Ligand code: NAD
């Protein structure tokens, strides 16, 4: 088993580090938050005094941090100087494509192999070891990262060159945000037209309106499989994180010259939802804002 440095032990990193420790790796963990560090130490990791101590002798360095600026800071100030050149560097955070590409190049210049490996799946998947990883980097980097990622997830997919993991993640989540809003407004219209919402679900989820947002993550309580809608939109994927991903998609569209009007509209609507206090709600809770007069059907 290997020595793994794990930096960033928050909602996601905490469970991921615990799964690596459970798999038998020697996990040296660091987080700026003493609480997060103590929790990781209670779940099989060894608490390091700082990021440099975590990186010393590491065979893999994994970062799971809030945004690009945190990852760049930790890599430039510590990882690139404190980790052995033989370590594979794996950033699992969701960050902007440009920073991921730049860090991949800087890592290579410093003599490292680095991959970006953002995840799909929330806190429950991080705890349960059922995340999906989309990996950007060389074929060699992918093969070296894969054994570690497999112990934290159910699927590990090579998306392409450095930054491609982040590109796949934000493209997927832009599509998800847009289809969720389209699903919400469709149900609002169906209700106003007097359709029974369960009947409409049965039709649309088997017809051409079908999407994951409709069929597997229906925003209407009591309709379709059990989803956060059945729990008052608590838990699930927070609207604030959807907004973060939509902003990254917008930024990437501007940089690359892509025309993404639906993604832009979704970003504006989630911005409004978060400003109105919906940030901690599941992202499907936006149905309440799409139509203020919308009355959810009685739970059967
Ligand atoms: P979080 O805020 O719970 O955890 C981030 C941790 O990083 C915190 O504990 C913080 O103290 C630590 N940190 C920040 N700067 C640091 C530094 N310089 N050195 C060491 N530690 C530092 O965030 P999270 O929910 O765990 O998300 C992490 C990443 O995963 C984000 O990029 C997020 O977008 C992505 N993501 C989250 C989810 C989710 O459902 N929470 C799902 C998919 C992807």
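Placed from the backbone N, Cα and C atoms, the Cβ positions cover glycine too.
For 3-160, the entry in TrEMBL reads domain '6-phosphogluconate dehydrogenase NADP-binding'.
Among the features that TrEMBL reports, domain '3-hydroxyisobutyrate dehydrogenase-like NAD-binding' is placed at 163-289. With DSSP classes pooled into helix, strand and coil, the tally for the domain '3-hydroxyisobutyrate dehydrogenase-like NAD-binding' (163-289) is 88 helix, 2 strand, 37 coil.
A simple way to gauge crowding: the CB of residue 169 (active site) has 27 other CB atoms within 10 angstroms, across all the protein chains here. The annotation active site is assigned in TrEMBL to 169.
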